[in-house]
Amino acid sequence: MTESYNFLPITLFQTINATQGKISEAPENISSLSNSAFYVIVLSILLGVLIGYAIKLRDEMKRKQKILFLLTGLLVGVDIVALCFRIVYNGTSLYMNGRKWIVLPNLLDFRIVLWVFAVLENAFSFATIMTITIIIGFLQDMFLTTAAAARAISRKVYPYIKWSLFTVNMVTGGTLGLVIVLNAILNLLVKMTLLNKALAVPFQIVLLCFYFIANVINLVTFTVVSTRLLHVVNKTSSHVSTTKEKVPFMNRPFTKIVGLMSGMILSAFLQIVAAIIGFLTSTFASHLHMLDYFLHSLGIVIFSVFVLLLYSPLWNEKCEKEAEDHVRKTGTKKGPIQHQDKKEPGTFNIQSMNNSEKQEEVSTKV
């Protein structure tokens with residue numbers, strides 16, 4: 001064993017056979033490199049648009065808007081880092097493909113590079129689903145507050161749904177983070193042939209199950225609440241709007257919000273599809289690995305675009321007016337709707353529930 005590894009336990013390297021296992025074949029490496037390079041460019045452009053948009057709107061953006069941009073930027077950034085790790089891994093593998101790598105004098109160095117970057121890529125890829133869960137929980141919380149302000153759900157039921165869903169998303173996010181770390185450690189041991197792969201697979205299954213269950217709960221809750229919200233708003237609008245004021249159902253801000261939120265949540269399930277395909281390709285056809293790589297990054301792009309598209313309808317004046325008109329006509333508040341000089345968007349254009357609790361009534365905001 002070389003002196004460069006004397007700082008590590010010698011017994012560890014005595015148990016490692018660097019010639020064991022296999023490396024990715026050249027066709028797989030080339031296709032993966034092409035896919036990774038393409039998505040690094042696409043995601044970098046998306047991140048640039050996100051940063052530019054944030055800089056342009058920095059003076060008018062409020063706390064929760066900034067949090068939304070920060071989380072979305074973090075999601076895109078994490079996936080870019082994962083793709084860069086994959087490029088290093090596939091690039092190193094491709095270099096070894098052109099040589100009789102099994103007799104390379106510094107074979108262990110190459111193997112360590114492959115092990116470390118494969119594990120880092122895997123960990124960062126899984127970290128994206130943790131970030132997606134947090135973003136969905138954040139937007140879902142705002143959507144529920146809006147639905148409560150529009151009287152789509154009662155004030156008594158609202159806190160239970162809100163905090164139950166918030167707890168599910170945050171606990172899921174924390175659990176995913178812990179499982180991702182454990183999975184990375186086990187994955188490294190598997191790569192080093194110190195652990196049987198069968199012992200590491202259950203952690204990935206548990207991770208994906210948590211993610212799947214959280215997304216199903218979010219989707220079911222969102223479907224029920226959004227259906228009720230659209231029904232209530234549509235019913236009220238049909239009674240109070242004149243023919244001149246009437247806006248087509250599909251062009252209403254609330255309709256756009258529901259459509260974009262639906263697309264965002266459904267796109268999150270692409271990560272499950274990518275993981276299933278990844279398991280199948282790893283087991284039966286490793287040369288088709290690019291399929292799950294492609295779907296994973298595609299899911300990130302679609303999800304991020306939906307979040308960006310949500311920015312305008314979430315905080316525009318038409319949506320606010322629609323909510324105000326609905327609350328006025330329900331007769332739940334006497335007199336004109338009061339506006340506050342200080343604004344902090346805690347909902348989709350509707351006053352934060354903290355202020356509502358103080359007034360014992362849900363009111364709209366500017």
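Cβ from N, Cα, C; glycine included.
Annotated features in TrEMBL:
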{"type": "COMPBIAS", "residues": "357-366", "note": "compositional bias 'Basic and acidic residues'"}
{"type": "REGION", "residues": "326-366", "note": "region 'Disordered'"}
{"type": "TRANSMEM", "residues": "37-55", "note": "transmembrane segment"}
{"type": "TRANSMEM", "residues": "67-89", "note": "transmembrane segment"}
{"type": "TRANSMEM", "residues": "112-139", "note": "transmembrane segment"}
{"type": "TRANSMEM", "residues": "160-185", "note": "transmembrane segment"}
{"type": "TRANSMEM", "residues": "205-225", "note": "transmembrane segment"}
{"type": "TRANSMEM", "residues": "257-281", "note": "transmembrane segment"}
{"type": "TRANSMEM", "residues": "293-311", "note": "transmembrane segment"}
(request) Go through the chain and flag residues at least 6 beyond the ends of the transmembrane segment (160-185) whose CB is under 8 A from any CB in it; none is fine as an answer. (result) 119-120, 122-123, 126-127, 129-130, 133-134, 136-137, 140-141, 144-145, 148, 153, 200, 203-204, 206-207, 210-211, 213-214, 217-218, 221, 225
(message) With a cut-off of 8 Å between Cβ atoms, can you find at least three pairs linking the transmembrane segment (112-139) to the transmembrane segment (37-55)? Only pairs 6 or more residues apart in sequence count.
(response) no
(request) Mind pulling out the one from 37-55, 67-89, 257-281 with the most Cβ pairs under 8 angstroms to the transmembrane segment (293-311)? (result) 257-281
(message) Within the same chain, where does the transmembrane segment (37-55) have neighbours whose Cβ lies under 8 angstroms from its own Cβ atoms, ignoring anything closer than 6 residues to its ends? I mean 6 or more beyond.
(response) 61, 66, 69, 72-73, 76-77, 79-80, 83-84, 87, 297, 300-301, 304-305, 308, 311
